[in-house]
């Protein structure tokens, strides 16, 4: 069955779902299985997210049990001890924190086994079934959530084992869902092959392709900002916007992950998933409703409107010292920096360059969206010298939204200066804990909300955009230029930004408000 045939009716949003509907969705036992339980992703992200949901009483202990599965031969207590330091500070933890962790870890059980053998998965199924029998009521159903914190190379075999041995067996309802992590392939062909292999085992509503950027607070805020504020509606188009930047910067290199990173590079690692998802939310048309399929339909339309990438609108870089890592080949052509211009061929965005930039070992760590507006026509204040209006969404660190605008310089003279209107989340929402991305996305999976997950046709359209460029890099037809660690990246990237029309404000630095 084709992906586009799935239009699952789900809730409009967490906030508008009725208590009755939510109760129906969460009836019965819930078994959460973390495959790859001894790996870094599981220890640093998956289990801490589950713990935070538990603390918020969103994983009731009388319904939920958590299973770790991996090849390592360790006991339940050994896994619990490994996880403990990731859940609570080693020093200074309060008695309440220690008690919460102890109670949570009692819900965690470990099963050891290979990823391609029925024996291990039948043992896992036996353990899950025993939990369901002990915790289920006569009226309840059983729900099974499998989180694959594993390399994509083992997805097909693991999914086959789940399908063969571990599916929900309750006659009273329930479900089986599978969460898979990026990267979803290396190019269009491998992504489609992976999608086909998983798609032969599970239907699209059972598959949750997780991209943690879609769980970030300000990424989720994009739809609200765009479609719930009237003053943006007439401005959000090529008549008023000159260019859009989507930026991901890290101030550290590969840090011991050189061998792994070299297989993918900065483009595969960041751009077709995280940054392209952000682009979709910036550029999409208003969906018919907040139902997941309506939102994802609009995102696919954006992706299918992106023109082929031009070689002269790409700058690749590799920081000096990258190949000093013994796990990286001396002649590696892998980029650690990339700036590319994407152009959307539709009525709203014709002529507006979307500048997508990602890099490692740069002079700062941040992720942000910068929407730069055109110059004021007939400007009587000569404010062009001060810089353009920009709407900036800071995704990390120090989540914030601010608008750069020109105002009168305080004093006796009529002179203009650039300032900002800003919303700093740390200042405005003191005392409110902003959930981590994985918390939101795991909860969405439990609730059956696929709004913030990648559909198969989205994945295909994303790879169609970048596969030709990636193949040219793989063949050595495009080569990265060297840049100094701790710099802005290659000078050629700044030249490309200027060519695309981005105007830098000289000397302007946004300073987050202090608490």
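Backbone N, Cα and C define each Cβ position, glycine as well.
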For the NADP(+) 1 site that Swiss-Prot assigns to 36, 37, 38, 39, 40, 41, 42, 43, 155, 182, which of the candidates 71, 122, 226 is also assigned?
-> 71
Looking at Swiss-Prot, 182, 212, 213, 214, 215, 216, 269, 360, 365, 396 are annotated for D-glucose 6-phosphate. Which of 250, 285, 413 sits in that same site?
-> 250
How would DSSP class residue 40 (NADP(+) 1 binding site) in three states?
-> helix
Neighbouring CB atoms within 10 angstroms of the CB of residue 215 (D-glucose 6-phosphate binding site), all protein chains considered, total 22
Indicate the candidate from 40, 250 with the smallest number of other Cβ atoms within 10 Å of its Cβ, considering only these binding-site residues.
-> 40
Between 71, 274, 357, 360, 404, which of the recorded positions has the fewest other CB atoms within 10 angstroms in the structure shown?
-> 71
Local backbone state of residue 250 (D-glucose 6-phosphate binding site), from DSSP in three classes = coil
